[in-house]
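Chemist: Here's a structure for you.
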């Protein structure tokens with residue numbers, strides 16, 4: 001029966017894109033997709049596509065490499081997916097990177113949008129004001145992991161479903177964490193700069209170069225990413241620590257030889273390196289403030305690939321400049337993209353990157369497939385995967401988040 005339906009063109013043979021021609025959601029739905037932009041093609045996307053997403057520009061790379069799915073040019077592969085499934089009359093796709101200001105494409109499109117798709121790397125902040133404006137909004141999808149750009153409290157009140165592609169980038173981020181730890185501890189950035197600048201001063205580099213072995217390393221949260229960080233660090237013969245609201249199974253603790261801490265304060269006092277792997281919500285906002293950072297060991301390192309707002313911006317700068325912290329690394333900023341004068345750019349002894357840890361080509365393929373799956377289920381009135389849901393039926397259903405608003409001040413600097 002299924003094969004005959006496929007032959008008739010009613011279903012795609014791809015299990016991730018099997019959508020009946022006549023889905024249960026009636027009428028044409030507007031989907032706003034916000035992505036990073038890929039130079040000169042944004043108008044093409046807005047004119048040709050008919051659905052609503054906010055992505056960043058991909059530039060020449062986005063034009064050259066169709067596997068860079070998370071940009072305006074390639075739009076998560078949604079245009080092709082819509083065409084293959086005969087959904088042109090069901091979905092109006094608006095793809096843009098223009099997300100700031102009253103005259104932005106996002107602001108103009110929100111009133112008619114049924115779905116907003118955004119990325120952690122180029123977030124479309126859905127604060128209370130925007131949710132009030134989006135009268136038809138039913139579904140907010142994060143193409144990736146991390147839905148802190150959505151006011152979850154307002155989403156609950158409005159009955160808006162918030163979903164993300166949980167697990168799509170956990171390996172990518174965990175690898176990035178270990179890479180940045182090594183960059184800090186081995187003093188890689190100054191060494192690399194010497195090569196670029198035609199210099200050769202080994203003593204200057206070795207002055208702050210250390211081994212990872214025997215260091216005490218702790219993760220704040222041991223969920224999908226934090227656990228994988230611990231697993232990747234085990235072969236380095238280090239002393240592992242973790243804090244989490246939910247304790248790991250005894251068998252995992254034994255296998256990793258990892259020490260559990262019942263609070264963050266206890267963990268940071270013991271560790272030479274601390275990595276933050278928890279989501280941003282009201283309880284974790286500015287968790288690493290002046291007081292928390294002061295509890296860290298003098299000369300320790302901090303790595304943050306979770307969310308920039310978990311750390312007090314100025315408290316971190318002060319800790320680096322005063323030499324209380326030896327170094328800082330991460331790829332998350334607040335707000336994003338970071339302003340050119342953001343103090344983390346110019347502070348000493350950092351190994352910061354733009355927010356790309358979770359958007360490798362492999363991760364993009366996974367979260368693009370996940371977005372299509374979420375849309376497919378929504379169109380057909382089918383339930384979503386439990387692990388994808390953050391807000392459902394008026395309440396926060398993910399253990400990783402608390403109901404509240406972490407979007408406040410997204411236009412500010414801290």
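Backbone N, Cα and C define each Cβ position, glycine as well.
These came from TrEMBL, pasted as-is:
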type	residues	note
BINDING	145, 169	substrate binding site
BINDING	224, 225, 244, 279, 280, 281, 282, 283, 305, 331, 355, 356, 357, 358	NAD(+) binding site
DOMAIN	94-385	domain 'D-isomer specific 2-hydroxyacid dehydrogenase catalytic'
DOMAIN	178-356	domain 'D-isomer specific 2-hydroxyacid dehydrogenase NAD-binding'
SITE	307	site 'Important for catalytic activity'
SITE	355	site 'Important for catalytic activity'
Chemist: Out of 224, 307, 355, which of these recorded positions shows the lowest number of other CB atoms within 10 Å of its CB?
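Modeler: Per-residue Cβ counts within 10 Å for the recorded positions 224, 307, 355 bottom out at 224.
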Chemist: Quick one: mean pLDDT on the domain 'D-isomer specific 2-hydroxyacid dehydrogenase catalytic' (94-385)?
Modeler: 96
Chemist: Tell me, which binding-site residues from 244, 280, 305, 357 are within 10 Å of residue 169 (substrate binding site) if we use the C-alpha atoms?
Modeler: 357
Chemist: Just how spread out is the NAD(+) site if you go by the largest Cα to Cα distance in Å among 224, 225, 244, 279, 280, 281, 282, 283, 305, 331, 355, 356, 357, 358?
Modeler: 25
Chemist: Do any of 224, 244, 280, 282, 357 (binding-site residues) have a CA within 10 A of residue 307 (site 'Important for catalytic activity'), and if so which?
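Modeler: So far as Cα distances go, the binding-site residues lying within 10 Å of residue 307 (site 'Important for catalytic activity') are 280.
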Chemist: In sequence order, which residues at least six apart in the same chain have a CB under 8 Å from the CB of residue 244 (NAD(+) binding site)?
Modeler: 221, 222, 223, 226, 260
Chemist: Indicate whether residue 224 (NAD(+) binding site) is helix, strand or coil by DSSP.
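Modeler: SS state of residue 224 (NAD(+) binding site) = helix.
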Chemist: Run through the Cβ atoms and count how many others sit within 10 Å of the one on residue 169 (substrate binding site).
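Modeler: For residue 169 (substrate binding site), the count of other Cβ atoms within 10 Å is 25.
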Chemist: Which whole-number value in Å describes the distance between the Cα atoms of residue 224 (NAD(+) binding site) and residue 145 (substrate binding site)?
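Modeler: Spelling it out, the Cα of residue 224 (NAD(+) binding site) and the Cα of residue 145 (substrate binding site) are 11 Å apart.
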